[in-house]
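Swiss-Prot has this to say about the protein:
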- CYS67, CYS68, CYS133, CYS162: [4Fe-4S] cluster binding site (BINDING)
Amino acid sequence: MKYTLTRVNISDDDQNYPREKKIQVSDPTKKYIQKNVFMGTLSKVLHNLVNWGRKNSLWPYNFGLSCCYVEMVTSFTSVHDISRFGSEVLRASPRQADFMVIAGTPFIKMVPIIQRLYDQMLEPKWVISMGSCANSGGMYDIYSVVQGVDKFLPVDVYIPGCPPRPEAYIHGLMLLQKSISKERRPLSWIIGEQGIYKANFNSEKKNLRKMRNLVKYSQDKN
């Protein structure tokens, strides 16, 4: 996924959402190759350092919709110890949070509230969709439930399950950290390019299928 952020125009129609305009940009790594060795290496090291700090200090927004939220907060207990990943600091304000977990059923009445909370979060920000209800509406194929959070918010990681176990939430957090480590974001609003680059990752289903095929091939060969 490649896009750039543009300043929000308050006079825009509120029906257009999300307000950020997404424009395709090229992979910045190609431009690094064209630079000299010193500047290219310096830029790469600087981005890696910033991404390392971002992915190891992800503060979640204390927000839940249904039973999946119970499983999410269970990961904060001493049994699972999510502080190992630097995400034990729950924030009561979206302005102090780095990512939002949609844990539960997204009802139509909650959509404008969720969108407003998302708009109050500062960049960089990410969204995790946790559970079948948040991913696709789950068993609620009715008029009052939105069939997937990605209908009104950009989602970075999907966590399957009804409800997912705390281990699944931790695994989703690790996938988000992996995605952040490959991102290229502006170092400042006045330094460098303002484009955002996100690497494309295969689904875990494809990765596991590939691993199973490799194991099966090695067993057949032996």
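Counting begins at 1 with the first residue displayed.
Every residue gets a Cβ built from N, Cα and C, even glycine.
Ranking the binding-site residues CYS67, CYS68, CYS162 by the number of CB atoms within 10 A of their own CB puts CYS68 at the top. What surrounds the [4Fe-4S] cluster site, by Cβ distance within 8 Å of the Cβ centroid and not counting CYS67, CYS68, CYS133, CYS162, is the set SER66, GLU71, ALA103, GLY104, THR105, MET130, GLY131, SER132, ALA134, GLY138, GLY161, PRO163, PRO164 from the same chain.
For CYS133 ([4Fe-4S] cluster binding site), the count of additional Cβ atoms within 10 Å of its Cβ stands at 28 [all protein chains shown]. DSSP assigns CYS133 ([4Fe-4S] cluster binding site) to a helix.
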